[in-house]
């Protein structure tokens, strides 16, 4: 019997002997088994570390996760994916791309998840060049058919505005699910392409893809941006039938924003009534739409209720109230809102509020306050400058508007279509305004690319025509690719101002042929042209067609034009009958016009009636009494002329002295 003490040595001897006798492959197999064990051990360790990194990122400890990542001797693709997506999630897109580049340089092949995550980061951060480079990697690695990668590419190119390329990738997808359809809807919504947005909605329905609440949010928001009230109402019905209005808070609030954007306060109010008060997100939209539509008491009530529910007013609300104050010239509300703005700190934090305050005080006639606010803003923005310019123009301080434009150029603030349009309007009514000044501003518009803007083009047409250069106005109009009603009205006004009535009538016919919806201002411009040129039949035809064909009720200005036209032609009885059909408000202007025509045509009968009615309508108007006195003098009734003149003198009426200007070789002569 062997001693147990010898057993270890015997074991070692046997093992040594055996190792010498076994084939050469046996040790290799053993080594592979050991390597496999070690590899499994490492993998287990990496997996455990990945879980810790994932938990740290989810808890918001990105720095801790990155520290653990740096300490790892071995990392797999999952490790890289976690830190790359983590950096993207917490607003470090550049760091995420840097990690992605390190991953590639270390020879680690990315997965579809990696590429999809990096593309999303590039898309959200606006790093489009990086996204295009990743697309190249997608093609090289063969990920083009990966649904998630392809969807991320669709989203990237939509954000870049490359709709054609995005739709090509979208159409190449073998399966288009709701998620990728929503990406397309969001892209069209953000690009403001409402027709494509609604077209995509119909296409996804044809493919049997049912929209969800997110889809309706994009669709409704897109309709609100383009003010498509009818289309939005149809979507409202569709969302209601599918139950999303009642079950999805965001859809319900999107409807409030939609109706507010379209100015439909009834729809906005009904939409907000379906939402529990504590869940209303769109309080500011409702307050704004009430204010913008002149419902000041309702707006103030909603504003109060909003604050009772702990909802903080936004810039949107204050802009609505300040706009209401400007429109109604209600300085009391404007000052109260100014106090709220100061209390909540919006006066320094929002350029839009600063601009609205300057505009509000200007429209209320408090131009000194507008200037003080402008001088107190920390940095002069383009919006604030534009507000002050429009306020100065409104208050008749014309020369300062032109000076303001020069200041904006000198200080490098720049200008936009509002600045150019306001400056041109000021030049068109300025004493020192000249063709050279208008041409200079026109050059600025061409150089900056604003010449094609409707507001600028119309202001140019108006400024040139007022200076008598209607040919230049016509050239501006002819350069417009698709002139609208406002553009046509501007050039018609220019023709009318320069006695070219037949051109006015021709343009009116063109507008009708094009199917443009005529408005009261257009008809007024044509009637003024007919009045200046003495086209009686043309004027009567246009006036009669307003109501009979186009359904537009003539207003006092339209009656005044036709009365003046008939009076100039000597059709005084017809003109008198027309005045009796006209609105009572402002009738004194028409009676004054008729009285002037009676003086020209020596018609005492109609003139007596006109003079009597005119003095009754305007007992304190010196011009009316002096006109009546002159009429009586011209017909030989000197006693009545002296009597009327004495009454006017007794009332301390005084006739203002007029003056004329003329431009000669770019110089204004008085």
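Every residue gets a Cβ built from N, Cα and C, even glycine.
What TrEMBL says about this protein:
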REPEAT    76-110  repeat 'PPR'
REPEAT    177-211  repeat 'PPR'
REPEAT    279-313  repeat 'PPR'
REPEAT    484-518  repeat 'PPR'
Inset, instruction - Could you give the residue numbers and ranges of same-chain residues that sit at least 6 residues beyond the repeat 'PPR' (177-211) on either side and whose C-beta is under 8 angstroms from one of its C-beta atoms? - result: 147, 151, 154-155, 158-159, 161, 163, 166-167, 170, 218-219, 221-223, 225-226, 228, 231, 235, 242
Legend entry - Positions on the same chain near the repeat 'PPR' (279-313), where near means CB under 8 A and six or more residues out: 249-250, 253, 256-257, 259-261, 263-265, 268-269, 272, 319-321, 323-324, 327-328, 330, 333, 340, 344
Inset, instruction - Over the repeat 'PPR' (279-313), work out the mean pLDDT and round it to an integer. - result: 75
